[in-house]
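Pulled from TrEMBL:
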type     : residues : note
DOMAIN   : 36-295   : domain 'Heme-copper oxidase subunit III family profile'
TRANSMEM : 6-27     : transmembrane segment
TRANSMEM : 74-92    : transmembrane segment
TRANSMEM : 113-137  : transmembrane segment
TRANSMEM : 157-180  : transmembrane segment
TRANSMEM : 192-210  : transmembrane segment
TRANSMEM : 230-253  : transmembrane segment
TRANSMEM : 274-294  : transmembrane segment
């Protein structure tokens, strides 16, 4: 009986040792001492969140002070930008290392990341809702009072030129990013490179035409509520296109270095695809209501 107990205890100890060894060889990093013993990832203490927050706060303060002629100078803004970019880059590199080389993004962690990113996109959607609310409140208020929208003598942007071209560019890039996502899902590195590159190029082309449209516009952001709302809506979307272009470019580089060859290690690519489709959908709404609607009102057609 005593020998059976000894054999039982030895067997349990061997199973525990072999299990921890397999987890350690598969998931741990001996240099950093990380050995997740569950499906969850315990994040190590990091200085990057507070540094990124400091960079954002100083950028906002510098910009607001500059607009109102305050004491903040361009040097403050540049220093805050350098702090923000360098800290954010270091933070993202830590996440890439945890996902690609340390294997911390298990299926449970991946599920949590998907939920978190979905909530982030939802918050971004409500960010746009606020600006659309101001746009419709001003536009419908003017029309219901018998005034024009846009107010005279503002001439709205012609929607069937650069805006229509940008719409076609974004829709084509949406198809390309879906193609890239399917290629990543089957771990086809070579096939992923082409559509990802096309998406990055589409983002650059979109921004180039957006800047040209701003230069050719007959009004500025200072031309009443119409100019303020128009430039805030289109500029906010343009900033998201810029962020999505950088996001996709980073995924192109990661794919070049074979980062997406294993399951649950291409979450970054998945989130870049979601983000780009979000940008596409928002642009369709902006195109209809910020370009076509004012132009139809201006030429005297019926309200859409």
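Placed from the backbone N, Cα and C atoms, the Cβ positions cover glycine too.
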Long-range environment of the transmembrane segment (113-137) - Cβ separation under 8 angstroms, sequence gap at least 6 | 105, 225, 229-230, 232-233, 236-237, 240, 267, 270-271, 274-275, 278, 282, 285, 289-290
Non-local residues, at least 6 beyond the ends, that sit with Cβ under 8 Å of the transmembrane segment (274-294) | 117-118, 121, 124-125, 128, 132, 135-136, 139, 149-150, 156-157, 159, 163-164, 166-167, 170-171, 173-174, 177, 199, 226, 230, 233-234, 237, 240-241, 243-244, 247-248, 303-304
Excluding the flanking five residues on each side, which residues at least 6 beyond the ends of the transmembrane segment (192-210) place their CB within less than 8 Å of a CB in that stretch?
-> 162, 165-166, 169-170, 172-173, 176-177, 179-180, 183-184, 234, 238, 241-242, 244-245, 248-249, 251-252, 255-256, 260, 276
